[in-house]
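J.: Here it is, the structure in full.
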Amino acid sequence: MKALSKLKAEEGIWMTDVPVPELGHNDLLIKIRKTAICGTDVHIYNWDEWSQKTIPVPMVVGHEYVGEVVGIGQEVKGFKIGDRVSGEGHITCGHCRNCRGGRTHLCRNTIGVGVNRPGCFAEYLVIPAFNAFKIPDNISDDLASIFDPFGNAVHTALSFDLVGEDVLVSGAGPIGIMAAAVAKHVGARNVVITDVNEYRLELARKMGITRAVNVAKENLNDVMTELGMTEGFDVGLEMSGAPPAFRTMLDTMNHGGRIAMLGIPPSDMSIDWTKVIFKGLFIKGIYGREMFETWYKMAALIQSGLDLSPIITHRFSIDDFQKGFDAMRSGQSGKVILSWD
């Protein structure tokens, strides 16, 4: 079958031919319809320090997808041939304390699809049936293919009560923009997103965010005054991993504020901890999606009118995958979809 693989320990991803994966007793075989390129895939393409330590070579990559069930393991129940599915990219062990306690998103033995084992940038994918999620008929293939990153946004945004709150989102990548849109959709008062990338800030404006702020040109405190805010942000969603953005968030949080962190900062990032202590801030780390509460919330948000369509900016045939990666690497894109049909 046709697949995109990391074939060499150097920059790039290559089209290759690999065997169709074998179906296990508890697995589903999925014929891929559409995939989306993640920031993680760009890291793998660039072959940065993290990728060099993490990614086995050669391996099929990719973990954002939608497809159709074409094979079912003999122990699997609840699925049928033809079901349209996406899937949770974190494969968990099932026997650690968190897995047995129903907190599978906190599994200490997580294996990543397209990171630690073969991924979805291929005509067919095999995953455990436990990880598959049926897509409702009224959700398009394009939107279903980005459920993985949308799930990161939903998990982060819904970590705290947002109704009537003022929310700061730092980082206007696709996940940050989707998190801001979720916050607005579920009843936040003011949702402010910050970045220095004007293309992506404009995408945020198209998504109906209260205010998209280029912090290289505008002062966040001035924006807060403009919005009539007098006590700081109630909730912070840190999506950038940029130390200056996190420091600004700490500066502008209200006392008792709550921060969810999805962005990965440098390991040696320094902050003024007195602001955390004396403001009584609560900081929560976010990794992946809650299984499968986040997935049900994703479907419900779209079905209740959340419009994510502006975040998908580029669509290519899989044979033009290089154009897709070029768009993602340029920073001048939202989500990029690759069609396998």
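Any Cβ shown, glycine's included, is placed from N, Cα and C.
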J.: Given Swiss-Prot annotates Asp195, Arg200, Leu262, Gly263, Ile264, Ile286, Tyr287 as NAD(+)-binding, which of Ile175, Ile311, Ile312, Ile318 belongs to that site as well?
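T.: NAD(+) site check in Swiss-Prot: besides Asp195, Arg200, Leu262, Gly263, Ile264, Ile286, Tyr287, the record includes Ile175 out of Ile175, Ile311, Ile312, Ile318.
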J.: Out of these binding-site residues, Cys38, Cys99, Ile264, which one has the fewest other C-beta atoms within 10 Å of its own C-beta?
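T.: The binding-site residues Cys38, Cys99, Ile264 were compared, and Ile264 has the fewest Cβ atoms within 10 Å.
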J.: Across all chains shown, how many C-beta atoms besides its own are within 10 angstroms of the C-beta of Glu64 (Zn(2+) 1 binding site)?
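T.: For Glu64 (Zn(2+) 1 binding site), the 10 Å Cβ neighbour count is 31.
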J.: Fill in the CA-CA distance, Glu64 (Zn(2+) 1 binding site) to Ile264 (NAD(+) binding site), as an integer in Å.
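T.: Pair distance, Cα basis, whole Å: 20 Å.
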J.: How would DSSP class Arg200 (NAD(+) binding site) in three states?
T.: helix
J.: With the NAD(+) site defined by the record as Ile175, Asp195, Arg200, Leu262, Gly263, Ile264, Ile286, Tyr287, how many Å span the farthest pair of C-alpha atoms?
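T.: Binding-site diameter by Cα atoms for NAD(+): 23 Å.
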J.: What is the nearest of the binding-site residues His63, Cys93, Cys96, Cys99 to Arg200 (NAD(+) binding site), using the Cα of each?
T.: His63
J.: Of the binding-site residues Ile175, Leu262, Gly263, Tyr287, which one sits closest to Cys96 (Zn(2+) 2 binding site) when you measure Cα to Cα?
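T.: Smallest Cα separation from Cys96 (Zn(2+) 2 binding site) among Ile175, Leu262, Gly263, Tyr287: Tyr287.
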